[in-house]
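The block underneath contains the structure these notes are about, expressed in structure tokens.
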Amino acid sequence: QILLTQSPAIMSASPGQKVTMTCSASSSVSYMYWYQQKPGSSPRLLIYDTSNLASGVPVRFSGSGSATSYSLTITRMQAEDAATYYCQQWSSYPPMLTFGAGTKLELK
């Protein structure tokens with residue numbers, strides 16, 4: 001089983017500030033996915049296959065990383081970006097879907 005550890009657990013940023021959060025895997029993974037969730041809403045896919053932007057996601061979001069170390073960056077924080085962000089990986093053998101515990105991003 002692969003454990004995903006997200007850091008920090010909670011962070012705050014001012015409008016216009018660059019934000020970076022990380023996701024560390026206990027074993028090497030091929031790809032990472034990132035989701036944004038706001039209270040009362042379903043998770044929204046932001047990044048797939050580590051660095052590809054999902055449809056309709058603003059270009060201020062980007063993903064990077066490899067092996068056991070991955071990150072999500074917001075180049076310029078906006079008020080609507082306040083949310084909880086989750087990383088997720090898919091292992092084909094054995095078939096397993098794993099999520100991190102989340103990073104809560106608050107507006108400062």
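Placed from the backbone N, Cα and C atoms, the Cβ positions cover glycine too.
Annotated features, as they stand in Swiss-Prot:
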{"type": "DISULFID", "residues": "CYS23-CYS87", "note": "disulfide bond"}
{"type": "REGION", "residues": "1-23", "note": "region 'Framework-1'"}
{"type": "REGION", "residues": "24-33", "note": "region 'Complementarity-determining-1'"}
{"type": "REGION", "residues": "34-48", "note": "region 'Framework-2'"}
{"type": "REGION", "residues": "49-55", "note": "region 'Complementarity-determining-2'"}
{"type": "REGION", "residues": "56-87", "note": "region 'Framework-3'"}
{"type": "REGION", "residues": "88-98", "note": "region 'Complementarity-determining-3'"}
{"type": "REGION", "residues": "99-108", "note": "region 'Framework-4'"}
Inset, instruction - Sort out the residues at least 6 away from either end of the region 'Complementarity-determining-1' (24-33), same chain, that have Cβ-Cβ distances under 8 Å to it, and list them. - result: 2-7, 45, 47-50, 63, 65, 67-70, 87-91
Inset, instruction - Report the same-chain neighbours of CYS23 (disulfide bond): residues 6+ apart in sequence with Cβ closer than 8 Å to its Cβ, ordered by sequence. - result: LEU4, THR5, GLN6, MET32, TRP34, GLY65, SER69, TYR70, SER71, LEU72, CYS87, GLY100
Inset, instruction - Find the member of 1-23, 34-48, 49-55, 56-87 that has more C-beta pairs under 8 Å to the region 'Framework-4' (99-108) than any other listed stretch. - result: 1-23
Inset, instruction - Across all the protein chains here, work out how many other Cβ atoms are within 10 Å of the Cβ of CYS87 (disulfide bond). - result: 29
Legend entry - Beyond the flanks of the region 'Complementarity-determining-2' (49-55) by at least 6 residues, Cβ under 8 Å: 31-33, 61-66, 70
Inset, instruction - For the region 'Framework-1' (1-23), could you work out the same-chain residues 6 or more beyond its ends whose Cβ comes under 8 Å from its Cβ atoms? - result: 29, 32, 34, 65, 69-79, 81, 85-89, 91, 96, 98-108
